[in-house]
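Annotated features in TrEMBL:
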- 217: active site (ACT_SITE)
- 59, 62, 153: Zn(2+) binding site (BINDING)
- 51-239: domain 'Succinylglutamate desuccinylase/Aspartoacylase catalytic' (DOMAIN)
- 256-328: domain 'AstE/AspA barrel-sandwich hybrid' (DOMAIN)
Ligand SMILES: O=C(O)CCC(=O)N[C@@H](CCC(=O)O)C(=O)O
Ligand SMILES: [Zn+2]
């Protein structure tokens with residue numbers, strides 16, 4: 001088996017359920033395709049002790065980041081980019097990607113950190129397999145080794161901040177200045193600081209391995225072939241620098257708008273409604289006391305003028321997150337590591 005034309009995405013989509021493992025050489029290192037959508041690359045000469053997981057397509061229809069990372073792989077495999085750190089690329093949900101869907105049976109990004117237990121079907125198996133791949137990749141690294149996991153997504157809606165990240169819930173609320181500066185340099189506009197543990201991929205890597213891990217939203221969802229990859233230029237440049245030199249591009253944290261997550265809105269009944277326009281953007285703000293959601297069982301009123309909604313979505317099963325309510329805060333109010 002080989003990766004024809006260095007096109008790992010094409011190989012993955014042609015074999016969405018499984019691939020027998022195989023090894024390959026490329027000009028600056030060696031690689032192993034461990035399974036479908038799971039590709040580990042080891043540099044001949046590591047410039048820094050950094051192990052980077054780049055995951056894309058955890059939601060199958062979020063194709064822009066998949067195309068971006070596939071392009072980076074083509075550059076590495078063809079020798080145009082010299083790999084200087086360890087790299088694990090994960091294409092999360094190839095079956096849903098082929099179907100042009102967010103997921104097939106269950107939202108994969110709610111099944112990590114053991115959340116797959118108790119579920120059947122492709123996504124449950126896939127979450128377990130992806131967790132295993134990360135565990136294998138991070139195994140036996142010493143204390144001073146830097147573990148990174150950037151989980152790249154695109155959002156269903158337009159947004160007042162086109163590119164933003166979810167910083168998973170971290171103990172003692174201490175945030176990495178180096179990573180935030182890297183995100184600012186990568187074209188990220190805003191950061192949401194999570195208020196609780198979740199079963200997302202980025203939370204799993206932070207909580208289990210102490211990785212610097214983020215869900216990174218790079219714009220709006222488009223089908224394969226319809227993404228304007230020029231919108232990812234800053235992220236691409238930062239990733240190239242990191243992959244080649246093990247260096248983090250840095251910009252002022254003050255470029256970032258920071259939001260704390262106040263509440264997760266949970267769909268608690270079939271009657272659950274969000275009182276927002278169909279086409280409302282992420283980060284739409286509301287006045288104090290506005291009735292943001294209501295159902296036969298509950299209502300949610302906005303606590304303070306300026307509070308905003310991110311990821312509003314009611315097209316999901318009861319018990320799942322229908323949105324996040326966020327509030328702007330100053331970067332000066334954060335504690336940093
Ligand atoms: O646009 C939307 O509503 C969803 C975009 C998306 O997939 N977001 C992630 C965020 C994960 C996190 O909170 O870290 C998701 O919902 O899984
Ligand atoms: Zn997503």
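The backbone N, Cα and C atoms fix where each Cβ goes, glycine too.
Source: prediction; values computed, not measured.
TrEMBL feature annotations superimposed on the structure.
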{"residue": "59", "record": "Zn(2+) binding site", "DSSP class": "coil"}
{"residue": "153", "record": "Zn(2+) binding site", "DSSP class": "strand"}
{"residue": "217", "record": "active site", "DSSP class": "strand"}
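Checking the recorded positions 59, 62, 153, 217 against ligand 2 with a 6 Å cutoff on the Cβ atom leaves 59, 62, 153, in sequence order. Here the CA atom of residue 217 (active site) lies 10 Å from the CA atom of residue 62 (Zn(2+) binding site). Highlighted in sequence order, 56, 57, 58, 60, 61, 65, 102, 109, 152, 154, 155, 221 have their Cβ within 8 Å of the centre of the Cβ atoms of 59, 62, 153, the residues recorded for Zn(2+), and are not part of that set. Long-range C-beta contacts of the residue listed as 'active site', restricted to its own chain and to partners at least six residues apart, with a cutoff below 8 Å, comprise 153, 154, 155, 159, 163, 164, 165, 166. Counting residue by residue with DSSP, the domain 'AstE/AspA barrel-sandwich hybrid' (256-328) contains 0 helix, 33 strand, 40 coil. Confidence annotation: the domain 'Succinylglutamate desuccinylase/Aspartoacylase catalytic' (51-239) carries a mean pLDDT of 97 in the model. Around the Cβ of residue 153 (Zn(2+) binding site), a 10 Å sphere holds 25 further Cβ atoms from the protein chains shown. Taking all protein chains in view, 27 other C-beta atoms sit within 10 angstroms of the C-beta of residue 62 (Zn(2+) binding site). Cβ neighbours within 10 Å of residue 59 (Zn(2+) binding site), excluding its own Cβ and spanning all shown chains: 23.
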